Amino acid sequence: MAGGGFGNEGGNLKRAHLYEYKITNYFIFACLVAATGGSLFGYDLGVSGGVTSMDDFLKEFFPKIYRRKQAHLHETDYCKYDNQLLTLFTSSLYFAGLVSTFGASYVTRNKGRRASILVGAVSFFLGGAINAGAVNITMLIIGRILLGAGIGFGNQAVPLYLSEMAPAKHRGAVNQLFQFTTCMGILIANLINYKTDKIHKWGWRLSLGLATVPATLMFVGGLALPETPNSLVEQGRLEEAERVLVKVRGTPNVDAEFADLIEASEAARAIKHPFRNLLQRKNRPQLVLGALGIPAFQQLTGMNSILFYAPILFQTLGFGSGASLISSVLTSGMLVLATLVSMALVDRFGRRAFFLEAGFEMFCYMIAVAITLAFKFGEGETLPKAIGWFLVVIICLFVFAYGRSWGPLGWLVPSELFPLETRSAGQSMVVCVNLLFTALIAQCFLVSLCHLKYGIFLLFAGLIFIMSSFIFFLLPETKRVPIEEVYLLWKDHWFWKKYVEDDDEKDIKKPTT
């Protein structure tokens, strides 16, 4: 079996050293166009929190929240934005993305990665257009659902597309293009919100409507995208697959890699129930780490709460509308910078080192925020300017730590862990779990902030400690380990080795009759 099976180490382990490639303009174009799918996700992460903090938007759709925001009542310091309908405006997108992932999985597998990218672009465009013209909450929610469907298709197809197009040596950096464009989308959205906040009556419509721009770019570029050789082989289009592989790799010497693609496709086709296969005992490490643990913990860091509601959070802390949006621009800028650092250094220092070092920093920053708010905020008092900016600095440092660890590695590491026979099912579960916890955080953060007050940051600190321990004890280092050989790490791991015995090894242990 080629590609990470447990019983046979043949196949592409014998041919990987024969692979040849050049970084061609064609390859760069394909990856950059596909990576714009991340900008859809990022733009919405950044724009929704800014829009929900704009007075004109609140007056039109949530007048009670607007009046509560202006009242400055003692009991509403932490609770000015506690409204489940308002949070549904944000979280409905991610619930829709969760549901659409199942349809996206079918399209990606049977119609190709490119088809899912195009469907995602169309859906996101329609959602942005409906939101921009919304006259009631129903239209807002419908638009958000369409946006969510677009994100579900994009998040399913884009990381897979990038991983399949990239040479093995550069797979980590290429895969993180998705996170980089996500961060750029967040930054651009915050800059747009800062400008449109000054356009009264309809500025929020412009913020929401500009979501159609990255969707249009993704669709037009997607029309020119090649399908991945892996997908073409799966569809039986072998001659076209070989032509694309030659063009992407920049060399006619692709026989070894093409042979591996064919073997991998045949092996994958033999697995009729990949989700059931993922539940087998030998795949327990990938299920626990890649499909469940890492994508869930990525959201439980508290980072997405800051991304969703940074303007609202800073306004709650006493910043004016303009100042809160500037603070959001600062945090999203730090996120972009951190992603570049991760892309440059993660293959040198390793995944575990980034997870653990940044986890320690994030734990300390959350404790610092909680202590500061416990002593200096609440009961209707306005934060001193120096304390306010201290919190902005701490939050920026938190974002920088997340942006070089749990942000990009939350997508990269799971993509490295799954063996061939569970790779498609595993990617679907990563997206589902990620979007489920994203939606739950979006729906629950403001009510949690209201009831737990500064304790919400202590809760996140506790979760960061747990997830860092999870990485320390259970994740082996995958730096520079070929995907085809990752399964060997489980055999040498103190905990996982008891789960991953080969079938042949089990047979040896059985008594003969």
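Just so it is clear, glycine is given a Cβ too, placed from its N, Cα and C backbone atoms.
Annotation source TrEMBL lists transmembrane segment at 23-43 (among others). Tertiary proximity for the transmembrane segment (23-43) is limited to same-chain residues at least six positions away from its ends with a CB under 8 Å from its CB atoms, namely 113, 117, 120-121, 124, 150-151, 154-155, 157-158, 161-162, 165-166, 170, 174, 177-189, 210-211, 214-215, 217-218, 221-222, 224-226, 247-250.
The annotation domain 'Major facilitator superfamily (MFS) profile' is assigned in TrEMBL to 30-479.
Residues annotated as transmembrane segment in TrEMBL: 85-108 (among others).
The transmembrane segment annotation in TrEMBL covers 115-135 (among others).
Only residues 6 or more beyond the boundaries of the transmembrane segment (174-192), in the same chain, are considered here, and those with a CB under 8 A from a CB of the stretch are 31-32, 35-47, 50, 158-159, 162-163, 165-166, 206-207, 210, 214, 307, 310, 325, 328-329, 332-333, 335-336, 338-340, 342-343, 346, 403, 407-408, 411-412, 415. Under the heading transmembrane segment, TrEMBL lists 174-192 (among others).
Taken from TrEMBL, the feature transmembrane segment applies to 204-225 (among others).
Residues or ranges marked as transmembrane segment by TrEMBL: 287-310 (among others).
What TrEMBL lists as transmembrane segment is 322-346 (among others). Same-chain residues lying 6+ beyond the ends of the transmembrane segment (322-346) with a Cβ under 8 Å from its Cβ atoms: 46, 49-50, 53, 172-173, 176, 179-180, 183-184, 186-187, 189-191, 193-194, 197-198, 306-307, 310-315, 354, 392, 395-397, 399-405, 407-409, 412, 479.
The transmembrane segment annotation in TrEMBL covers 353-375 (among others).
Per TrEMBL, transmembrane segment is recorded for 387-407 (among others). Sequence-distant contacts of the transmembrane segment (387-407), counting only residues of its own chain at least 6 positions beyond either end whose CB sits under 8 Å from a CB of the stretch, comprise 179, 183, 297-298, 301, 303, 306, 310, 314, 317-319, 327, 330-332, 334-339, 341-342, 345-346, 354-355, 357-359, 361-362, 365-366, 368-369, 372-373, 376, 467.
Summarising the annotation, TrEMBL assigns transmembrane segment to 428-448 (among others).
Annotation comment: TrEMBL describes 454-475 (among others) as transmembrane segment. Long-range contacts of the transmembrane segment (454-475) within the same chain: residues 285, 288-289, 293, 297, 300-302, 305, 351-352, 355-356, 359-360, 362-363, 366-367, 369-371, 373-374, 377-378, 406, 413, 445, 448, 495-496, each at least 6 residues beyond the stretch ends and with a Cβ under 8 Å from a Cβ of the stretch.
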>> Ranking 85-108, 115-135, 204-225, 287-310, 353-375 by the number of C-beta pairs under 8 Å to the transmembrane segment (428-448), which range is first?
In response: 85-108
>> Cβ pairs under 8 Å only, please: of the recorded stretches 85-108, 204-225, 287-310, 353-375, which one is richest in them relative to the transmembrane segment (115-135)?
In response: 204-225
